[in-house]
Amino acid sequence: MAKSTAVFLPPAFLDATRAIMPAELAMDDFIAACQRPLRRSLRVNTLKISVADFLALVQDYDWRLEPIPWCAEGFWIERDDEELRLGSAAEHLSGLFYIQEASSMLPVSALFAGDAAPTRVLDVAAAPGSKTTQIAALMGNQGGIVANEYSASRVKVLHANISRCGVQNTALTHFDGRVFGAALPESFDAILLDAPCSGEGVVRKDPDAMSNWSPNSVAEIAATQRELIDSAFHALAAGRRDGLFPPCTLNAQENQQVVRWLLDTYGRRGQRRAAG
């Protein structure tokens, strides 16, 4: 079971959250939710094993698996014996499953929810690779993915995870994500922009995620997000406006306001699927 650790929530963040909290919700409930340990979850890597075969493989383990409603390959997992870390299990090391948060599975599931699945996908900020490998699995290693990561150290992690999971349809790049609109205009059926953010939504995983949070940093990050989403918009193929913007944060500046800026800038041409 996950251990509870005190989460740091800056007073200014709590004040900002309180100001936008719907009347029917309570701040005490919000703070309590932030303190609850994150449920461990995994995604079966169907590039190497089917869900049915995976469940048969682990049926004698002390793993209690609960299906995740929005991802057919995803399961919440509980184990009585935590002596062997889940990441050290042979099935993980051999790429049969990926340790991935349940919420992280939702954007890719939404991207592939339509009738016409994308065949050319750009993942602008791809490390560590959870969503890239999920995309590759849903594409059956067909088509093509550009998995980009700006951080040199995180590119290494991305490469390791792609290799471990048997992904073969992906090219890794190491660019500032703001270059794609000009460098590869109208080139992709779908784009995932998991942009850098203030991390307000990851405190259950990282209790110190907001240790450097400030209103000024939120404004600066939102400005970068606008530049990234502008570039991503121009890299989308004409007539195929399937883009997802799923930042791991809660404030409107880094969510609704970024999408609203895109719509205000480009009008109906900017309308597309977006998760914020």
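Cβ coordinates are placed from backbone N, Cα and C, and glycine is handled just like the others.
The record from TrEMBL ties Ala125, Ala126, Ala127, Pro128, Gly129, Ser130, Lys131, Asp176, Asp194 to S-adenosyl-L-methionine, and of the options Glu101, Glu149, Glu186 it ties Glu149 to that site too. Annotated pair Gly129 (S-adenosyl-L-methionine binding site) and Cys248 (active site, nucleophile), C-alpha to C-alpha distance, rounded: 15 Å. Counting only the Cα atoms, the space from Asp176 (S-adenosyl-L-methionine binding site) to Cys248 (active site, nucleophile) is about 20 angstrom.
Minimal Cβ crowding within 10 Å, among the recorded positions Ala125, Gly129, Lys131, Asp176, Cys248, is found at Asp176.
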